[in-house]
Structures are given as structure tokens and as C-alpha cells.
Amino acid sequence: MRIGILTGGGDCPGLNAVIRAVVRKATGSGDEVVGFRDGWRGLLEDDAVPLDVAAVRGLLPRGGTVLGTSRTNPYALEGGPERVLGCLAAHGVDALVPVGGEDTLGVAARLAGSGVRVVGVPKTIDNDLDGTDYTFGFDTAVGVAMEAIDRLHTTGDSHHRTLVVEVMGRHAGWIALHAGMAGGANVVLVPERPFDVDAVVAHCLHRFESGYSPIVVVSEGARPADGGLVTSSGQTDAFGHVRLGGIGAALAAVLEERTGRESRAVVLGHVQRGGTPSAFDRVLATRFGLAAVDAVQAGLSGVMVALRGTDVVPVPIAEATARLKLVPLERYAEAEVFFG
Ligand code: F6P
């Protein structure tokens, strides 16, 4: 049998570990693997590479994806799905393993509906894909953010400043929640729960009164309940600096004015996505790759592999694409105990 593999969407620590596991398991049982470069683009433009054991040597600790990635969606292009089907047939691909998030798996589900044998592997550092307890990449991203928060505590305390740490998470606050809890943040703000600026100011002032500086962790998608974050001077902050940027910068400017203490915003951005995966992510990504080959060899299709408790099992792809997995309020309440 010949198995195709591609990685789509934003990159994520552990993608290479999945590729390695798929190749090692498949070739070990006599199957062949062909990789398609840059997600669905590789299937649209017939950009393929044969993958054998030599090709995946040394991949386990490497960040990013050796196959490259893109956000190309064949269903958004005239004749796209037909080109994908033609390319799969030209390479004699019997089953496809797309590794990706909501968009990539959405394409996978539609292709499965057109008769292509598909077994998806879920991926996102945001951990917001439903159907699986965790996605690989999340643990690594949380570790990066936690280390940043640890470091920011000491510089914040030294300068008696508020440090606002903006982390990834457009729709869900998992990274903010876990990094904030692990790093001892004094406030954690997530998209699921529009925040009250007065309460954030009060928590920061309380922290200053205790002799320490506040750390505020904010998801990039978090927003104030009343919709606005403006200083009295408009674009400039209380100290006359021009503040530009996302929610972290806007919040830091307002906190500076409202607390009367200097503040700084730190945007961790793509640092959270790059670099070597944690041990947890290497193991999870490897188990996902092995389970994907098991599912292909068992003749399954329209499924993705998922972590349920401690087991990796096949579940319908639709479980991951129907809705996002958001932070439940009771999990947020755990972080709130430590606010202020
Ligand atoms: O993978 C999701 C994510 O990490 C989001 O949290 C973030 O908004 C997005 O990727 C940014 O990705 P890019 O810069 O690649 O568009």
C-alpha cells in the first residue's frame, strides 16, 4: 500500500515526529510513504517527495515540518478538488494522512466524502480542536510561555512595573490559562470570558501593595467586556510613549495610566510555535503517527486519531471540525483563585 502524508496550517512542534512515526511504522510493515510539500499545495501542484527511513532520520527533536506547510484550501480554488484527486491517483496513493488543524481536517473530511481514504492527525498549539483531550505542540508552547513569565517576574519586580504577556490563542485561552497557572500569573485573560478592566486594575494595584509586580497573561483573542481600551490621551500612554500593537500593548497602556505604574507589553508570538518539541509532545506526536498508520492499515477512513484519557483512538473527523474546544468556566475559576 502507498500512504500519502502532508502537513497543513500553522506549524507546530511535533509535526516532524508524526512524519517520522508514520514512515517508520508504515515502511516497517512493507508499505510505502510519499510526502506532499506545503500542505494541500503539494497535491494541487504535484510537489511530492518519497519518504523512507533515511529521509526521517534525526527528525524527532526538530521543530517545524520538513514537508513545509501552507494554508492553501483546494475547495477555495476552481477545479481544486479534482486536481487533488488526480494527483493522488497519479502517485498511486491508497490512503492519505493529513496532519493539521480545523481547516486542514475540514478539507480531509470533504475528501473522505468524495471517496478518498483519509485518516487525519490533529495539530494545533492552541489545543482548541475538539474530539481530542490534547493536541501536540500545546505543551511546548505552554513551556515557552511559562519560561517567559518566570523571567518577567524578576524584571517586573526590579522595576516595579506591570508586565503584560500576550500569548497565542485567537479563539481559545488554553495557552494563557496553562501558562498563567504554571507561571504564577496575577491575572489571566482569555477570549471565552470578556474581561472587566476595573477588575484587572484592582488586581494589579493589590499585587503592587503586596510588594511585588503584577504579571498579566492575555490571549491575543481576549477582549474587554465593554469593548474599549483607550487611554485619556488616545494613542499615547500616560508617559507619552506611542503604543501600537494588539491587545497586550493596548492593555499595558491602559494599566499604566490607571495604576500610575509603568507597564510593558511582551508579545511572545511565533516563538511559541518554533523550536524543539517537549517530551510530552514528542511522545504524543509519535503515538498519533503510529495510530494513524494502524487506522489506515485497518481500512478506516473519515477518522482522525485522538487522545482520550491515556489512549489514542480513532474518532470521526467531524468531531474535531464541528466546533472549537473552549476553556470551560470552571477551569478558568482555578486560575482566578490566584488573581491579585
Ligand atoms: O495555530 C493557531 C495560531 O497559533 C493562532 O493562535 C495564531 O493566531 C495563529 O496561529 C497565527 O498564525 P499565522 O501567523 O501563521 O497566521
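Glycine is treated like the rest: Cβ placed from N, Cα and C.
Going through E78, E82, E220 against TrEMBL, the one listed in the substrate site together with T124, I125, D126, R161, M168, G169, R170, R264, H270, V271, Q272, R273 turns out to be E220. Ranked by Cα separation from R273 (substrate binding site), the recorded positions G10, E102, D103, K123 are led by G10.
Proximity to ligand 1 (Cβ under 6 Å from any of its atoms) holds for none of the recorded positions E102, D103, K123, R264, V271.
Mean pLDDT for the domain 'Phosphofructokinase' (2-296) in this predicted model: 94.
Highest local Cβ density among the binding-site residues M168, V271 belongs to M168, counted as other Cβ atoms within 10 Å over all protein chains shown. A distance of 28 Å separates the Cα atom of G10 (diphosphate binding site) from that of R264 (substrate binding site). There are 19 other Cβ atoms within 10 Å of the Cβ belonging to E102 (Mg(2+) binding site). Listed in sequence order, G9, G10, C12, G101, E102, T135, G137, F138 are the same-chain residues six or more apart from T124 (substrate binding site) with CB atoms under 8 A from its CB.
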